[in-house]
């Protein structure tokens, strides 16, 4: 073991960052990549540089990014939630059931958010009260939540959502600025402030860097993690509202595989998968990068499953390349 | 006495109770011929669970097994369509080798670049599925395109059991010997039990994890051919989500996700438990749509159970303080 391993881990979220270091940061690298993809896209397809096209492109990431913000905090705190896509399925199914019982839009929204919160609470209790590893718990709830949707819906679907419910996924606030994009932007600010400017945010980093030390510093580790699981569930409920509203129907297979894209977005945004470091601006830029890549490929008629190869490569490559680089430099 | 308290004994009891319960609703379920059919149906799950067990023992997880199975299966099917005369022996070697190679990709990323296994295998899971689409162009390979010997091999009955079942038994026996009677098996347990101590004993932790992924991949590849042969169809989404059943079988079988704890018998019994539930659902008039939720609930209950079993041993004081927060 080298001496470097014995130095205490510094908390990476610096309060004052010199300009030179900011330019070399992961976020600015990502920004360059995002701009590069933007320019490539505009050369690749004549339909790309158009206000409505660009507005459409945002739908590729807004729902996933809502979850990614909460997931980023959860991963920084050293936990993970793989059940988010299944929470979407269950929340959407619950809304469908409420719809059958004659619920209006306000009730549907409450049902969606409430189901998400309950699912998050279920994960959180299992992890914090019973001390179970979050990976296994959420692999289990990933089957359980979607399984309940299948029990309720079988191979059927819920349709006929009220017209005003469509506002969330299909509405526009102003010209080409969609409702979903506004929710995304507001959440980006809220989560950025929470993680980087509040005591709670500092506690999240502390828990992720060293849970034992955090406990001795008077941080309620279990409570911090519980809140983060609740937030992730709530955001999945919100994403379920937007997705259901956009698609106009609920099937039990809704959002399958989305957990992978959310985790990829968070990791691409520079959040350490082992916990302890990461930033919200990074996740925001990563959301744009992923949205632009998938939209660009879509314009080039690349099928969805081939895009998933890119997402998988992106997820592994983003973690592998810096480590490979560090290894080569050391050698 | 200690055997009666072991996970294997509890699971055996649970399986017997489950069979008795099903038998009260439908007596023919426990006829030997039907039990043999259930075993045959569960054989791929048993083989995959044995591979997953090795990976989980070394503190890793392999979520790419089902995608590996589907990719290898598709390659075998396309090979058969292109060269119908190719002997089954060659196809088996191709399946084992390709599966092992795909597993080695996971293993190398974990060993050489130290990337968390969950991230690696989530990534390769989607990549493998995407590659199947690229290879097959989204087309199905149907039974009439496959040769009779290709699909017949897995169903060929020897001594009352199909070859598929015999392969599962063979794999179980080999794994039993490897895990309990060889230095490699001991090393795999040591790596998961205490990686730091393993290093000081002269065991290469990363290399052991690599070997675990290769074993898991190889068995997934083997299942790939057997699966395609049995169902006589190959397409992109084959065995979709099956990795969750495999992990569930391991967790139910008492294999600790924290590594180092678990037995071949446990993995087999865990797989059989799930297999019996799956086969019993239609018999007792429960919609097959319940399957997914039951697997999920089984994972959570089993992991709760495992955690309680772990807690009887010595614990760090702070850990309990952390939990009670």
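Cβ atoms are placed via backbone N, Cα and C, with glycine included.
Caution: TrEMBL annotation is automatic and unverified by curators.
Features reported for this protein in TrEMBL:
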{"type": "TRANSMEM", "residues": "B:37-58", "note": "transmembrane segment"}
{"type": "TRANSMEM", "residues": "B:65-82", "note": "transmembrane segment"}
{"type": "TRANSMEM", "residues": "B:88-111", "note": "transmembrane segment"}
{"type": "TRANSMEM", "residues": "B:118-136", "note": "transmembrane segment"}
{"type": "TRANSMEM", "residues": "B:156-179", "note": "transmembrane segment"}
{"type": "TRANSMEM", "residues": "B:209-232", "note": "transmembrane segment"}
{"type": "TRANSMEM", "residues": "B:244-277", "note": "transmembrane segment"}
{"type": "TRANSMEM", "residues": "B:289-307", "note": "transmembrane segment"}
How about the transmembrane segment (B:88-111) with the transmembrane segment (B:156-179) - do they touch, taking at least 3 C-beta pairs under 8 Å (6 or more apart in sequence) as contact? no
Are there residues at least six beyond either end of the transmembrane segment (B:65-82) with Cβ under 8 Å to its Cβ atoms? List them, or say none. 44, 48, 51-52, 91, 94-95, 98-99, 102-103, 124-129, 131-132, 135-136, 141, 145-147, 150, 216-217, 220-221, 223-225, 227-228, 234-243, 246
State the residues, same chain only, that lie 6 or more residues beyond the ends of the transmembrane segment (B:209-232) and have a CB under 8 A from a CB inside it; answer 'none' if no residue qualifies. 43-44, 47-48, 50-52, 54-55, 57-60, 62, 64-66, 68-77, 91-92, 95-104, 106-108, 110-111, 117, 141-143, 146, 150-155, 164, 167, 171, 184, 188, 191, 238-239
